[in-house]
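As structure tokens, the structure follows; a few thoughts come after it.
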């Protein structure tokens, strides 16, 4: 009996335990947990991981002109500054690079996780260099040692990534760092743009370690192929993932024991990467930023300043302007008129974007202009045209689409005509006229001032000088002007992008009384210097002795051509001159006139107008295509 009771008791215990367990499960499944006071306990979701840490290396020498904009781009990277460290070094300066970098570091050190500052005030130059842009072996060695010290510090700090970026590289895309990290490569670089084909990568390398031209380079550089590509060399700006095991084998200095190539920091590092079994990658999926073309060893810091200016103004064609860091002082600019009595910039009031870009572009070049509010062809009506006695030149037809004159072209003509009138009224001896859709050649200001100085010295009798046009005489060379390099006698041309005009030239153009026999202004000018190919048009203008010349090579070009993104024409997208109900929109298919300059035969290229090459021109610049 006792044994049976014990068995029953044991069974009841086991059953109650099972029921308790089932009850607990049911309760947890059906009811939220609560504390002793009856309050519910909620399970919070896990937070995302923090961004990887990035160790940024800044090596600066004679960079007072680039630093404000470089640092501004660095500040605007969309990445938590608390997850970034700055390792900055500067040496061998003849400008105030040290002061600018110190000013910035003091202002931002509280924002970044870690800041290390390594200035060296003396000496100002390397004993074996010929100028501040020269790279003797002593400079290569010093830079490689600095990069190695930075790499060692990044490893000691357990940084996830290290970003090397030259101080004349401008990451204008704020997402660049995030985009490179996402690629998950040991070494990866964003493709940077320059005014030429130069960039921060090689697609080919010879067995001796020299640059090798390949078809792939152009395909990648011009975005004909887009993606992230394996390449033998990236330089100037690149990201290294220090979490990857193979990265432990990377070194900048000393060179690998098997290294026999040229003593150059970027080639030494590419060899190190190869020996470590690490593939370098170059990405061109987006536009990331800009870099200048390297100068030759004999070139000066002033030329480097001009390099920066050109990078800035080229970037503004399709993107917002580069702004300097808010934490450093910027040297003020002092615009002038380059020796002209006046510089006019013609702009439609409704094209504020063009006006703003041009004003900033001209300011960066220290050029002072007066804005001329253009006559808007869209606002012209028949009554106004009659009041001004405007009639189209009989028989005129556009050379490509065979359409008559448009009101947009009339507005353009009247805009230029108003400038000529002001030149006469104010008795301006030497005037420059530019339109609002131009891009400037490298060293524009220096080259134009030198050209005008040479013209004055030669006492050339001139009345019009094109600085931007579309040359239509492509089979034979235009005649070079004796004693003035970079100047030719102008032949038939399209476009009025920019030109210098004298008082006598303005008087001849206004005196031709063109309102009653009007055609586009860029067709009118060749008639006035007797180079228009259509004889019938010339018959309506008796005096055709305008003394017209052109810069060779040209100094300005259109920002966009027909068919390119951003191309816009206010002259062709308009209405017929005498019938505002007939629209003219030939831009997309018929506007050959607005297309890029066609091929000029080698026999037509004017070498007589160019200065002879010097021995310095043959000195190769570092890493130049």
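A Cβ is built for glycine as well, from the same backbone N, Cα and C atoms used for every other residue.
Record features (Swiss-Prot):
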CARBOHYD  96  N-linked glycosylation site
CARBOHYD  184  N-linked glycosylation site
CARBOHYD  381  N-linked glycosylation site
CARBOHYD  579  N-linked glycosylation site
REGION    597-625  region 'Disordered'
MOTIF     622-625  motif 'Prevents secretion from ER'
SIGNAL    1-26  signal peptide
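Known features from Swiss-Prot, placed on the structure.
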{"residue": "96", "record": "N-linked glycosylation site", "DSSP class": "coil"}
{"residue": "184", "record": "N-linked glycosylation site", "DSSP class": "coil"}
{"residue": "381", "record": "N-linked glycosylation site", "DSSP class": "coil"}
Which listed residue (96, 184, 381) has most other Cβ within 10 Å, given these are glycosylation sites: 96
Pairwise Cα distance for residue 96 (N-linked glycosylation site)/residue 184 (N-linked glycosylation site) [Å, integer]: 38
Model confidence over the motif 'Prevents secretion from ER' (622-625), averaged pLDDT: 40
Residue 381 (N-linked glycosylation site) and residue 184 (N-linked glycosylation site), Cα-Cα, nearest whole angstrom: 61
